């Protein structure tokens, strides 16, 4: 498979991936424009595009409610925005491929492990912050000693593995999808007879990838709210 690289720039000694930065900003813009377009002229009885927006919001509520319980409304907008971002980020790389010489200029941000790890770290920070905010530092830290103080190392290890597994699950699925699609595109170059076969296979793979991308956005939000729910519902664990 032909090797391409993403253009980078250094700032204050830190190397930034320009393709990932621009694609991430584009994902945010697309998600914002979608919400802006579907939320214009809201009516009590929704019709048309407002139905689409409310259906997605209700779908996200259905994901998070079992995990957050009475705190569902507190985090519903965060979960909604997170779902939109991850879903669009997962799928944007399927639209096209832009390559200038050896530089790749178009990709799914979530096909980059740094992005997924960053999202997972953000989730971890929110979880700890909300746990401390809801219950105070003493009660929050005491929970790491449950059910016994001997479980402290395992509880700390669980926090680390949550971050790693959340990021690796998303990265592995999206990156693998882009690799397979790139291989199918290169298959079309073998001969003129391979082009229609590669096209059909690529269309089928894109459809399957969209489905997988939706599942991964669902799982990411589900696990995120599961982790948050465990932190904010400390006082209900024993009930």
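Quick reminder: no glycine exception, Cβ is built from N, Cα and C everywhere.
On a predicted model such as this, the values are computed, not experimentally measured, just so you know.
What Swiss-Prot records for 18-38 (among others) is transmembrane segment. Listed by sequence, the residues of this chain that lie at least six past the ends of the transmembrane segment (18-38) yet keep a Cβ under 8 A from its Cβ atoms are 6-9, 49-50, 52-53, 81, 84-85, 88-89, 92-93, 103-109, 112, 114-115.
Annotation source Swiss-Prot lists transmembrane segment at 75-95 (among others), citing sequence analysis.
Sequence-distant neighbours of the transmembrane segment (112-132) (same chain, 6+ residues past either end, Cβ-Cβ under 8 Å): 17, 20, 24, 78, 86, 89, 140, 143, 159, 162-164, 166-168, 170-171, 175, 220, 224, 227-228, 230-232, 234. Positions annotated as transmembrane segment by Swiss-Prot, on the basis of sequence analysis: 112-132 (among others).
Panel annotation: around the transmembrane segment (166-188), residues 1-2, 86, 90, 93-94, 97, 107-108, 110-113, 116-117, 119-120, 123, 194-195, 197-199, 201-202, 205-206, 209, 212-213, 216, 219-220, 223-224 of the same chain, lying at least six beyond its termini, place a Cβ under 8 Å from a Cβ of the stretch. Residues annotated as transmembrane segment in Swiss-Prot: 166-188 (among others).
Swiss-Prot lists 203-223 (among others) with the feature transmembrane segment, giving sequence analysis as the kind of evidence.
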Near the transmembrane segment (75-95), which same-chain residues lie under 8 Å Cβ to Cβ, leaving out any that are not at least 6 residues past its ends? 23-24, 26-28, 30-31, 34-35, 56-57, 60-61, 63-64, 68, 106-111, 115, 119, 126, 170, 174, 177-178, 181, 206, 209-210, 213-214, 216-218, 220-221, 224-225, 228
